[in-house]
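Here the structure comes first, spelled out in structure tokens, and everything after it is commentary.
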Amino acid sequence: MAVYWCTEVIPLAVTSLMPVVFFPLLGVRSSKSVCLQYLNDTTMLFFGGLIVAISVEQWNLHKRIALRVLLILGVKPALLMLGFMVVTAFLSMWISNTATTAMMVPIVQAVLDQMDNTEHDVTMMEQAAGQTNTVIELEEKNASDPTSVHVISNGQVPDDPRSSEEKKMRKRICKGMTLCICYAASIGGTATLTGTGPNMVLKGQMNQLYPNNNDIVNFASWFGFAFPNMILMLVLTWLWLQCSFMGLNFKKSWGCGTERTAKEKAAYNVLKAEMKKLGPISYAESNVLLMFVLLVLLWFSRNPGFVKGWASMLFPGGEKYITDSAPAVLIALLLFILPANKPKFKGWNPSMSDPGQAEEDIKKPFLSAPLLDWNMVQRKMPWSIVLLLGGGFALADASASSGLSAWLGRQMTPLGSIPPWAIATIISLIIAVFTECTSNVATATLFIPVFSTLAASVRIHPLYVMLPGTLSASFAFMLPVATPPNAIVFSYGHIRVLDMVKTGIVLNIIGVFCVTLAINTWGKLLFELDTFPTWANSTTSQ
């Protein structure tokens, strides 16, 4: 299965179905226990989160958020890039990285095109003005030499070396602005548990391999660990892209105390025009926004850790029964029930209004269509990822029950002589390289059970090696084929593979540095990573 996932000789989702056939045939696990892995608690959490994301996409709420933030942050080159990155990262925390990139790149493209057109117009006007002055001066100096005047009035003036320099600069800005989108989408997805596939793989494998782990990885704890890491990575990535493509000219990039240029005004006008097209916020959009905010609040307050959450306060023994999947599916259900338009209260009193109008109103349904319909979900749901998660869980379950995990652990005992921080750093580097060639979810699915076994054999906290492995699976920065956001950006034709490789290598190093810092500082405090927990011990003794 690992070979098939890496080479993609058959689709990833089809490879994921192999355990259903081969484990029962080879006497490893019964069909019943294998099939149970394909739609478990983690898959339902992922499924519920995706339905909410689809509703946000359908009502264009993500575009409204994006444009609003960009208009607030401003259009100076450095701020514009930061704005694009902040918006992309924030959206990819909640909706798929691919959908975020697909929506953001056309906005970036429109802004860049408008800036180019404006610059071209301004240059033409300057040239025209300059030529007119030259013609007048020459006519005054030497009226008897018409050829020189003719040549100049035809515009045959030597090329300005500045214009070629400006063209190069424009090209570099274009590369930087488009690359920042796919990188911000990959980085943003790491911040929430449902943001990207590898995070869900970790959650599922933790429940699978350590059934008594006291729900150590939940929405709130993951956010507390990964969000600061995401902010740090985003800032460092932004600085690196600034250095690479725009140069660190603070006055020019930040425009401290300077007036807006024609280019910046044009960019601002494009964003304003796009915002105008969306019109005022609709009833459906405000409903979806309300549901989205409610879901995030329910996730955070279910079991915050420092106080009693709603799960244990409202329901006796709720902390045992209720996981993050319950609020996700509750909100998903509400999206199929709540109306997309305001309920109509006309026609209750026909005598008050025109009888013909009242009759028409009575014929109209009282409630409009719901915010979401199943056909839309069926079209947009990435079913292949759901199967891929299931295949990974089935593999992990069989590895543990057949004794393969224990055997692997015994082979890894010599690694105990290496300090834990070095093991974590090496793991991050290996995964960051490996994920360039394979699917992020497949990479996490293959390696996380191995890391669990490694942790048991060298007696360190399982999350100390599983967290860096999971986050590094999202660091696919170097190749267009590494992840769909990279492919989308590459397809616009502004960047070459070499541009992506050169920028991506440094980003991989930044990513590994940030993750190593995170697990050795706030990660240690949050998950008590310097201890070997009893729940991990009981699993290994079994």
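Cβ from N, Cα, C; glycine included.
As given in TrEMBL:
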type: TRANSMEM; residues: 12-30; note: transmembrane segment
type: TRANSMEM; residues: 42-59; note: transmembrane segment
type: TRANSMEM; residues: 65-95; note: transmembrane segment
type: TRANSMEM; residues: 176-196; note: transmembrane segment
type: TRANSMEM; residues: 216-241; note: transmembrane segment
type: TRANSMEM; residues: 281-301; note: transmembrane segment
type: TRANSMEM; residues: 321-338; note: transmembrane segment
type: TRANSMEM; residues: 385-409; note: transmembrane segment
type: TRANSMEM; residues: 421-451; note: transmembrane segment
type: TRANSMEM; residues: 503-522; note: transmembrane segment
Task: May I ask you to check whether the transmembrane segment (281-301) and the transmembrane segment (385-409) make contact, with contact taken as at least three Cβ pairs under 8 Å and only pairs 6 or more apart in sequence counted?
output: no
- prompt: Between the stretches 12-30, 42-59, 216-241, 385-409, which one has more Cβ pairs under 8 Å with the transmembrane segment (65-95) than any other?
  reply: 216-241
Field: Stretch of maximal Cβ-Cβ contact with the transmembrane segment (12-30) [cut-off: under 8 Å; candidates 176-196, 216-241, 321-338, 385-409, 421-451]
entry: 385-409
Message: At a threshold of under 8 Å on Cβ distances, which of 216-241, 321-338, 421-451, 503-522 pairs most often with the transmembrane segment (385-409)?
response: 421-451
Message: How about long-range neighbours of the transmembrane segment (421-451): same chain, 6 or more residues beyond its ends, C-beta under 8 Å?
response: 2, 5-6, 8, 12, 196-198, 201-202, 205, 209, 385, 388-389, 391-392, 395-396, 399-400, 405, 408, 415, 458, 460, 462, 464-466, 468-476, 478-479, 481-483, 508, 511-512, 515-516, 519-520
Field: Interface-richest range of 42-59, 176-196, 216-241, 321-338 toward the transmembrane segment (503-522), CB pairs under 8 Å
entry: 216-241
Close approaches to the transmembrane segment (216-241) from elsewhere in its chain (Cβ under 8 angstroms; 6 or more beyond its ends): 81-82, 85-86, 89, 93, 176, 179-180, 183-184, 187-188, 190-194, 199, 202-203, 206, 299-300, 302-305, 323-324, 463, 467, 471, 503, 506-507, 510-511, 514-515, 517-518, 522-523, 526-527
